[in-house]
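Chemist: Feature table excerpt (Swiss-Prot):
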SIGNAL    1-23  signal peptide
REGION    39-73  region 'Disordered'
COMPBIAS  45-64  compositional bias 'Low complexity'
DOMAIN    159-223  domain 'PAN 2'
CARBOHYD  Asn162  N-linked glycosylation site
CARBOHYD  Asn189  N-linked glycosylation site
CARBOHYD  Asn213  N-linked glycosylation site
Amino acid sequence: MSQTAIIIWIVVIIILLVLGGLGAYFFYSRYRHRKNIPPTPINPPSSITPIQPINPPSSITPIQPSGPPSGGNHPIPASCPAYQLVNNKAITLVPLPADTSNVKNAQDCQNLCTQNPDCYFYNYVGLFDGCSLMQGTVDNNVMTGFAIRGSEDGCPKWARYNTSIQGFNTGNPSNVESEEKCQQLCQQNSSCDWYTYDIGKKTCTLNKAIDFNTSTLGIKMPH
């Protein structure tokens, strides 16, 4: 090989080495640049709106009852009698404790019932001046209504108490959905002196007082 050819090859090799070095430097510089640039973080939203719970109303309005049946316990006008009197009728129950030794007539017996807040009705037997103050079995799930016969306009048609009173059963109608319906059934039955309606069991019982000569049944009108 001539000297000229050798020189040319040497120059070519030098040029290739220079180009290779420049290329290597170029790629190395890009690599360092990329490595030194921190990655761009994915920022969360400035504020996350939390899901608001659905709050219940501050107060729940209870279902209001429709009120007592017609002729219920309303304020009684002063012109209305304080008692419903039924002659020759009696209810046989265990009487309330009371001193009846001074009772001489039906009015005395009535006065004792008036003075006793637990007395709902009384029996006075004129044959031997017997006076019994009665209440029945108090039960908030039971409503007893006494029919007030011949009451004047504006005066109660029924005397209603949360008590159970046994009498002569004149009917046990089934599927009675309300006290008002039980009251209507008693009103339609001429033998019914009072009804007893069990609110929980939805049972209606129509009752009749016993016939008893010289006896007066006095039913206190609730205020």
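A Cβ is built for glycine as well, from the same backbone N, Cα and C atoms used for every other residue.
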Chemist: Tell me, by DSSP, whether Asn213 (N-linked glycosylation site) is helix, strand or coil?
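Modeler: Going by the DSSP assignment, Asn213 (N-linked glycosylation site) falls within a strand, counted as strand.
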Chemist: Sequence gap of 6 or more, C-beta under 8 Å: which same-chain residues meet both conditions with respect to Asn162 (N-linked glycosylation site)?
Modeler: Val138, Asp139, Asn140, Val142, Met143, Thr144
Chemist: Taking Asn189, Asn213 as the glycosylation sites to compare, which has the smallest set of other Cβ atoms within 10 Å?
Modeler: Asn213
Chemist: Hey, how far is Asn213 (N-linked glycosylation site) from Asn189 (N-linked glycosylation site), Cα to Cα, in Å?
Modeler: 23
Chemist: Per-residue pLDDT averaged over the domain 'PAN 2' (159-223) comes to what?
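Modeler: Mean pLDDT across the domain 'PAN 2' (159-223) comes out at 90.
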Chemist: Per DSSP, what is the helix/strand/coil residue tally across the domain 'PAN 2' (159-223)?
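Modeler: The breakdown for the domain 'PAN 2' (159-223) reads 10 helix, 31 strand, 24 coil.
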